[in-house]
Every structure is written in C-alpha cells, then in structure tokens.
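TrEMBL has this to say about the protein:
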type     : residues : note
ACT_SITE : 505      : active site, proton acceptor
ACT_SITE : 730      : active site, proton acceptor
BINDING  : 602, 779 : substrate binding site
DOMAIN   : 709-833  : domain 'Alanine racemase C-terminal'
MOD_RES  : 505      : N6-(pyridoxal phosphate)lysine
Ligand SMILES: *Cc1c(COP(=O)(O)O)cnc(C)c1O
C-alpha cells in the first residue's frame with residue numbers, strides 16, 4: 001500500500017460525517033460527533049496526518065480492512081466506514097467513535113468521491129492505455145506544474161480504490177488535475193470515468209496481447225475509452241491503428257481528436273525522431289508550427305511517453321522554450337532503470353536499486369512497452385525485503401501482478417521467494433537461493449527482454465554483469481560508492497557553509513556520463529565544465545544545478561542562455577561580447593563568474609583591468625556576478641607554498657575590491673582538490689573538486705583516506721610460447737632474452753594505453769603479478785611478457801585499479817593520472833557499480 005502525500009493539512013474538509021449518509025445510502029450506527037472528514041485512509045499502517053481521517057474498511061483478495069480497525073483506532077483514527085457483516089460489538093470498548101455502515105465499502109468510497117469531484121470545475125486530463133500511464137501522468141504533472149498548481153494520483157494509484165483516494169486530494173487551490181485510470185476487467189471504466197470526470201483524454205497505447213478480462217483487443221480499447229465519454233478532446237498516437245479506428249467509431253461526431261504519428265502525414269502532428277549519440281531529437285510538426293526538442297531518453301517507450309506529453313502541451317499553448325527546459329529537468333521515474341545490451345541479442349532492463357511492488361509495477365510497465373520486438377519476457381527478482389506486509393500476502397500479490405503481465409519466464413533469487421515458488425504460474429519459473437547459485441547454473445538467455453530488479457542487499461548487479469553483452473574485452477569500471485566516499489571525505493574538510501563545485505570537464509575526467517547525476521544526488525552545489533557542449537550534455541542528463549563553463553566563446557552564448565549555463569568571464573573583450581549578445585537577444589539575466597589572474601597566466605582578468613571591468617559591469621544590470629574566482633598553480637607541492645600564498649593574497653585583495661565597488665556578495669573560490677588539502681583556510685565560499693573525487697591524484701599522505709574509483713581492465717586474447725632470440729611486434733623492438741610466454745591483450749594506444757608504455761616501460765597486473773609489456777604498443781593491442789605465470793585465454797588483466805595505482809603508472813611515463821584518465825577512449829565501455 002502506498003502512503004498518500006500530506007497535502008490536506010491546511011485544506012478544506014472533504015465533507016462532514018453526517019453528509020455521508022445521503023451520499024452513500026449508509027447508516028450511522030455509532031456517532032460521537034458530526035466531525036469533519038479531512039483525509040481518507042484504507043490502511044492502518046499508513047500514517048495519517050490530519051486530525052479527522054476517515055478509514056474505509058476495504059475487503060480485498062488477501063486483505064480485509066475490518067481486521068485492522070482496532071489497530072487504526074490505536075493510532076488515533078476515530079471515524080470508520082464498515083460493511084454490514086462487520087461485528088460491531090468488537091468496538092464496544094472504544095469511545096468517541098463515528099461508524100457508518102454500508103453494504104459495500106468500495107462502492108461507498110466511490111460514491112463519496114464522485115460527489116466530491118463534482119464540486120470542482122477545472123481542467124482534468126484523464127489518462128489510460130496499456131502501458132506508460134503512470135510515467136506519462138508523472139511527467140505531465142511535472143510539465144504542468146511549471147504553470148499550474150497540479151494534482152495527480154500518487155504513485156500508480158489508478159484502480160477502483162486508488163482513483164477515489166487520488167480524487168480525495170483535490171483542493172480548491174488546484175488549477176489542473178491529471179488522473180490515470182487502469183482497469184483489468186470489462187465494465188469497470190465507467191465508474192472511474194465518473195470519479196475522474198476528465199475534460200481531456202489521453203490514450204497512451206494498447207498492448208499486443210489481449211488479457212484475461214477481455215474478449216479481444218478491440219473490446220479492451222472500447223472499455224478503456226469509456227473514460228473519455230464526456231471529454232471535449234482526445235489525444236492519442238495514430239500509429240496504433242486499432243485505437244485510431246475505435247476512438248473514431250465511438251466518439252466520431254461529438255469529440256475533437258488530436259493525434260500524432262511517426263510516419264503518417266495525415267496526423268495532426270508528425271513526429272520525426274532522430275537518435276543522436278547521447279540523446280534524441282524530436283521534431284514535432286503541425287500545419288502551422290514546427291518545434292524541435294532534445295531529450296536524453298533514447299528508448300522507444302520513453303520517446304512515446306514524452307511525445308504524448310509534448311503534443312498535449314504544445315496543443316494547449318505551452319511555450320516550446322519552457323517545455324524544452326522542463327524536459328531537461330524531468331525527474332524520470334525510470335531514470336534508475338537503465339537499458340543495456342545483453343548477450344545473445346537480449347535486452348536488459350537494469351533496475352537493481354530498489355524493490356517494492358509499486359516500483360515493480362512501473363518497471364513491468366516499462367518492460368511491456370519495450371518488448372514489442374522481443375518474443376520473450378523474463379523477469380529476475382530477489383526477495384522483497386523491508387515490507388510491512390506478511391510474506392504470504394506479499395508474494396501472493398507479487399505473483400498476481402506478474403501473472404497480469406504475461407511473463408514467459410520467472411527467476412526468483414533468495415531464500416524467501418524460493419519458499420513461495422508454487423505461487424508463480426509462469427510457463428517457466430526457476431528459483432535460486434543466492435546469486436552464487438544462479439551463477440553456477442546460469443540459465444541460457446537469447447532474444448529476450450530481461451528485467452532484473454532486486455533489493456540492494458542482493459546486489460543483483462552481479463547478475464546484470466554476467467548476462468551483459470561483452471565488448472572487445474576492455475572496460476573501465478567505476479565505483480559510485482568510492483566516489484561517494486571521497487565526496488564525504490572532502491566534505492568533512494569543509495566548514496559547514498562551504499559549497500562544492502564538482503569539476504566534471506572532459507566527460508568527468510574520462511569517467512563519463514553517470515557521474516554528474518550521482519554527484520547531484522549526493523548534494524554537490526555546482527558543476528564546472530570546460531566547454532558549452534559539456535554543459536548541454538549535463539542538462540540532457542538531467543542536471544538541474546547551476547553549471548559554470550570555463551571556456552566560453554562568443555558563438556556559444558546562445559546555447560548558454562538556452563541551457564542556463566553560466567560563462568566564466570576572463571577578459572574585458574569577452575565581457576564586451578557578452579554584453580553585445582545579451583542586448584541583441586534581450587536576455588533578462590545571466591550569471592557570470594569572474595576569473596581573476598593571480599599568477600597562472602592562462603585565462604584571467606589582470607589587476608590593471610579591474611577598474612575598467614567595474615565601470616563596465618555597473619552599466620550592465622542584466623549581468624549578475626555569481627562568483628569571483630582564481631586558480632592556484634602550485635597546490636600540489638610544498639615547494640610552491642610561498643607562491644600559493646601570494647596568489648591567495650592577491651585574490652583576496654581583488655575580490656574584496658570588486659565586492660566593495662559593486663556592493664555585491666558573490667561566491668568566492670580559489671582552491672581545487674590539492675589546494676583544499678594543502679590550504680583548507682582558503683576554502684572561502686566554495687571549493688572546486690575534480691581529480692580527488694575519483695580518489696586519485698593526491699599526495700601520498702592523503703591517499704589512504706580516499707578510494708580510487710576507476711578500474712581499467714581487459715582480458716587475454718591469446719597466449720604464445722616464443723623461443724629465446726625472437727622479436728615481438730612492430731619494428732622488432734621486443735627481443736626475447738629467454739624462452740618466453742607472451743600474452744596478447746586487446747588494448748592499445750587508441751584505447752588510451754599510451755605508446756610510451758611499450759618495451760617494458762609499463763606493466764599490467766595478471767593474477768596479482770606485475771607483468772611488463774614487451775615490444776611496442778599497437779593501436780588496438782599490446783603484448784605482455786607473462787613468462788613463468790600460469791595464464792590462459794580470457795584471464796583478467798588489470799591496467800590500473802584501487803590496488804594498482806594509476807598515479808604510479810602515470811609516473812612511469814612522466815605524466816599524471818589526469819592525463820591517463822582523460823585519454824581512455826570512448827570505445828572503452830564504461831560500467832558503473834553502486
Ligand atoms: C580542472 C580545474 C579544477 C579541478 O582541479 P582538480 O585538481 O582536478 O581538483 C579546478 N579549477 C579549475 C579552474 C580547473 O580548471
């Protein structure tokens with residue numbers, strides 16, 4: 001059961017207890033007072049938050065609400081609706097009760113809410129369909145909220161009981177409502193339609209299979225479409241031909257239809273989708289408008305869901321620019337769900353983060369929408385932990401849920417789920433006590449879509465790893481936990497109010513895409529990138545925090561404004577260009593960051609130019625100085641401490657001068673990772689952390705506090721015995737001085753394994769032993785001397801890891817970990833571990 005959010009606290013009462021008699025045809029059997037009803041609940045475990053909740057004792061398949069009335073009373077609930085079969089004498093010991101008796105509590109709940117709903121006049125969007133309802137509803141809520149105070153179903157509360165509870169959240173202050181409705185049998189939508197009374201309707205899609213409760217797909221569509229009986233407008237995708245035909249047949253004369261299509265020019269909106277490297281471009285064309293949007297989603301299901309939202313909102317006059325901004329900020333429900341390519345043409349839906357029934361429903365929904373091109377669906381689930389429902393009931397509910405989704409194969413992992421094996425009635429169901437058992441008897445997967453979802457303690461990511469498609473063998477593994485730990489370490493070095501700017505230039509130091517979102521979740525305050533494209537990339541990844549761009553150019557200002565990025569201003573010329581730009585584009589406000597030259601002589605405004613700068617800034621009220629900063633050149637070593645101190649002094653002087661003359665209080669920041677470690681006294685308002693977040697690149701004395709986050713590894717492709725005196729590789733550079741075993745590994749300088757590591761300068765780790773390179777490094781491969789070590793094809797080879805320091809490896813060829821990390825090429829697959 002789901003907790004209904006606490007928005008009734010200061011709201012109007014839904015009704016008074018005595019009103020219920022007329023509304024529900026019920027009978028008051030005990031009454032202490034005619035109290036207001038301020039909230040509805042059906043589950044004694046949920047916390048109520050207002051003073052006068054009303055408990056409906058609902059009789060479900062596995063659950064009888066009447067059994068929980070005493071418990072609810074203990075928790076302070078005094079008003080109840082019960083069925084006539086309930087034995088009232090149980091309540092004799094209780095005082096202050098209001099009891100209404102009805103024939104059927106679900107019906108009474110619905111009647112009450114139909115009455116309540118009819119008091120409101122507001123635009124209500126009703127959503128139904130087979131898949132995507134909950135996500136479209138959540139996203140629509142997010143979009144609409146930028147303009148209207150919006151209410152919608154909590155979670156996936158879309159059933160005969162869920163919908164009335166959702167409707168009870170309506171308050172006079174709401175300007176828009178979005179309610180989804182789901183049905184499993186015929187003749188049930190009409191009731192939900194009365195409850196929702198949508199003014200507009202949206203049909204998401206229809207699943208290919210017809211399910212038990214319906215005669216065929218057409219009947220299913222007809223039944224679902226009952227929701228729209230009184231809508232003025234219905235929105236849908238014309239590519240679902242049956243939906244198109246059925247809606248036209250049912251409502252042809254009385255209703256306006258707004259439809260869209262990926263290919264049919266007859267649709268009201270033609271949608272052209274283009275999959276780019278990391279995002280999708282959606283061009284939405286109508287007779288008189290043409291708008292293009294970018295989203296970081298690429299899978300079919302999300303694209304369909306987003307298009308539904310965009311078409312609806314465009315059609316209702318939403319500003320495309322605002323839509324694009326909201327689109328970037330969508331906190332997608334399935335954001336934690338990632339789609340991965342699996343072995344043997346499988347697709348993996350990786351949701352190994354949380355596990356309860358509500359989120360499982362969403363994941364299953366997502367799977368159904370993905371699966372059209374796959375004939376088989378497999379679900380792998382762990383035990384559900386931390387549920388307050390008794391196991392028996394919980395797993396029964398789980399099995400029922402899965403049965404609804406027509407799963408082909410079910411794999412349960414864990415001792416508890418295995419106990420309830422008989423509940424699961426899929427064509428094939430297999431159970432393993434542990435992940436290790438699964439690994440030892442791994443089932444075969446081919447041409448199927450596989451949902452993997454489990455409680456975190458089960459670490460089902462190990463299963464995902466095992467069934468994932470293996471690339472050319474070289475991977476960069478990144479431990480999110482290590483990054484989190486490093487962040488905590490740095491935070492402990494900071495004063496309470498000091499902010500953290502995470503520097504994620506060069507694809508987060510080569511570590512790539514998942515890192516910024518994780519850092520945002522873990523509470524950094526700002527992001528810093530080198531180029532505008534990197535900033536746009538972050539926005540497309542759902543980053544909503546402010547982003548500073550360190551190398552802005554004139555032609556990037558447009559994108560800066562569109563994506564709310566904040567340029568570093570390092571010269572008067574650049575400021576001139578910016579001011580010309582904002583005048584031309586009539587920009588209301590832009591945040592900038594003043595970079596002060598204090599001794600690096602790279603980019604920065606020199607002391608002599610400061611007065612001129614101030615004079616200009618005073619004339620530019622639309623330009624807001626968000627921060628003043630500079631950068632230390634010698635923070636890594638003690639020998640430059642004097643110079644660092646001079647830089648700091650100069651920075652303080654100039655920053656204070658600017659603050660005084662402009663009467664502003666921007667953030668001040670000076671130090672990077674090593675700057676903070678060496679000079680914590682110069683943390684000012686913010687620190688800029690880069691390399692340290694990855695747990696490398698710091699002084700040896702600090703290293704033991706940090707966790708190196710990245711592991712670069714590969715496998716052995718071939719092993720050869722070579723006699724003494726032969727030469728290995730190009731230009732015969734490697735000469736065997738004895739009979740030698742050579743292992744060839746699929747990583748070369750094009751992957752980021754520098755050519756400088758050749759001829760024994762570099763080494764790799766195989767079976768815990770350092771093994772030198774032999775001969776030159778090739779573009780895609782390298783040869784390793786493994787003489788005396790028992791190795792075979794497929795064995796793991798570590799280039800660097802937490803135990804085998806990248807800093808030491810870098811030192812061998814006279815460079816630093818920053819360079820090695822950022823040189824790892826895009827063709828090396830990244831894998832993230834939590
Ligand atoms: C790259 C960079 C940083 C981060 O430095 P680390 O040594 O990686 O912590 C901080 N500030 C500026 C200006 C940078 O360019």
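Heads up, the Cβ atoms here are built off N, Cα and C, so glycines get one too.
Looking only at the recorded positions 505, 602, the densest Cβ neighbourhood within 10 Å occurs at 505. For the domain 'Alanine racemase C-terminal' (709-833), the predicted model reports an average pLDDT of 93.
Secondary structure counts, DSSP: the domain 'Alanine racemase C-terminal' (709-833) has 23 helix, 44 strand, 58 coil. Here residue 730 (active site, proton acceptor) is positioned 11 angstrom away from residue 779 (substrate binding site), judged by their C-alpha atoms. Taking the Cα atom of each, residue 730 (active site, proton acceptor) and residue 505 (active site, proton acceptor) are about 35 angstrom apart.
Residue 730 (active site, proton acceptor) is surrounded by 13 other CB atoms, counting those within 10 A of its CB over all protein chains shown.
The local packing around residue 779 (substrate binding site), expressed as other Cβ atoms within 10 Å of its Cβ over all shown chains, amounts to 11.
In the three-state DSSP scheme, residue 505 (active site, proton acceptor) is classed as helix.
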